[in-house]
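The structure appears right after this line, and notes come after that.
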Amino acid sequence: MEISRSLAWCSWIFILCVIDVSSEEGSKAHKLWFHPSATKEIQSCLSEDLEQEFQGSCRFFAAVIDAGSTGTRLHLFEFSHDIEQEHSPFKLEKETFKEELRKSKLDCKPGLSSFAQTPELAAESVRELLSTAKQVIPTNLWVHTPITLKATAGLRLLPENQADAILSQAQLEVASSGLLLEDDESVGMLSGIDEGVFGWFTLNYLLGRLSNGFESGLSTAAALDLGGGSTQVTFLPDNLAAALELYTHSYLGNGLVAARIGVAQLSSQSNDESHSLFTSCFPRKFQINDWDYAGNVWVVSATQEASFEACLSSTIHYVESVSKVVPIPQLADNDVFVFSYFYDRGLQAGLVQGDSEQSGGFAKVVDYKQAAQKACSIPAEEIGPEHWKPWQCLDLTYIYTLLHFGYGLPDQKSIHLTKKLKEKSKRISLKSVNNNLKSETQKNIRVSPSQQKHMNTTSNHSGGYIQQLMHYISDAATHVLVYLKLAS
């Protein structure tokens, strides 16, 4: 999925919850239960390797390789722990971000799925990121640095044997890196449901709607994510009982890039065997001879009837009849935040202004339609060299179709396009970094039971669980890792 620099600690708070999740793509209500188990306090370092004597602090690192459908990225997090302070928390010091660069501005960044036919090359793709991590981490801390690699929709779209072959090669590379690979599950696939739930929690935490939103009456926001291979919609329904339930649905194959193929395959002229695609969303007489996606190289050509109207008709058919995206009437009454490709294509179309903070702004659903009409009117000879320019008509039309005809948002519904909130990227971190870091730090740190903090699990207030938890930890986000044992 498209991503810029991110800070993952906000998502980690969500890991404090027990979530009943399914590995299947689809919708499910998630109940979050909090256990009144004792907290753990970081006392001191057991290993001298983890101590910086000149600063009187311990240092820890945790690495995540995010293998999205259109690119592979490294997130390396550095933490400190003051050994002189009795009840010292972990403090996130900084993040190192590294992304595989595309060969030229004409190319899309390759995801691991692009190595479906040559899985051995997946290892090379990961090797560069591992090298970056090892340049940052002191050599004596390599063995104490847990690492996880999680792939998303790009690999979920591949046949199982191809996905397994890619992950196997990636795991061999990670295992030989000298960093700490906890177990076989540290390299694998992240479900679409996890993506949706983690994204919702991160968004609402950064918006401050979990720590005090329930008291102030400010409702949580709906999170709409659009990646390359899948799209997720997650929100908190208002018809809640005692337990907090989230609605999330992940549509595999409805990511922006996957939808390009899906829409083009509707044309009677398209031929999967010859890898020939035809679309009414290209300028007339326009053709791409070598579009590489999911391990295949496609020839994509415009149909004779290419136009916005024809493009809209094909995307509506794909969303409503092929993908069967279900309208969600409650979304119209929610604050809606959209990110990833929703933001990127909106920015490129001028729906929001670009700035260094990438905070985005508000736009109406119909603005995507108007931008699509403009993009679809550009003649072939005026298409720019950027890799996304030929697809702009299809991408914007598809986004409008997904929002309006798929999810059922009214044309005049105002939505917030965002990349960063409070200078933090709205990008979902992977939950395994928490599990691995927790396991490793427990080996190297003395822990002792602290005074229990009980949660009232019988509250009739729908936000009771979240409210009590967030009151306990939200005032200082850097204290999150102190309370890793707060919930089962």
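Here the Cβ of each residue, glycine as well, is placed from N, Cα and C on the backbone.
What TrEMBL records for Glu195 is active site, proton acceptor. What TrEMBL lists as ATP binding site is Gly228, Gly229, Ser230, Thr231, Gln232. Per TrEMBL, signal peptide is recorded for 1-23.
Overlay of TrEMBL annotations on the structure.
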{"residue": "Gly229", "record": "ATP binding site", "Cβ contacts under 8 Å, 6 or more apart": "Ser69, Ser113, Thr152, Ala153, Gly154, Arg156, Leu157, Leu252, Gly253, Gly255, Val257, Ala258"}
{"residue": "Thr231", "record": "ATP binding site", "Cβ contacts under 8 Å, 6 or more apart": "Leu224, Asp225, Ser250, Tyr251, Asn254, Gly255, Leu256, Leu402"}
{"residue": "Gln232", "record": "ATP binding site", "Cβ contacts under 8 Å, 6 or more apart": "Gly192, Glu195, Gly196, Gly199, Ala223, Leu224, Asp225, Thr248, His249, Ser250, Tyr251"}
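Following the DSSP three-state reduction, the secondary structure of the residue listed as 'active site, proton acceptor' is helix. Secondary structure at Gly229 (ATP binding site), as computed by DSSP, is coil.
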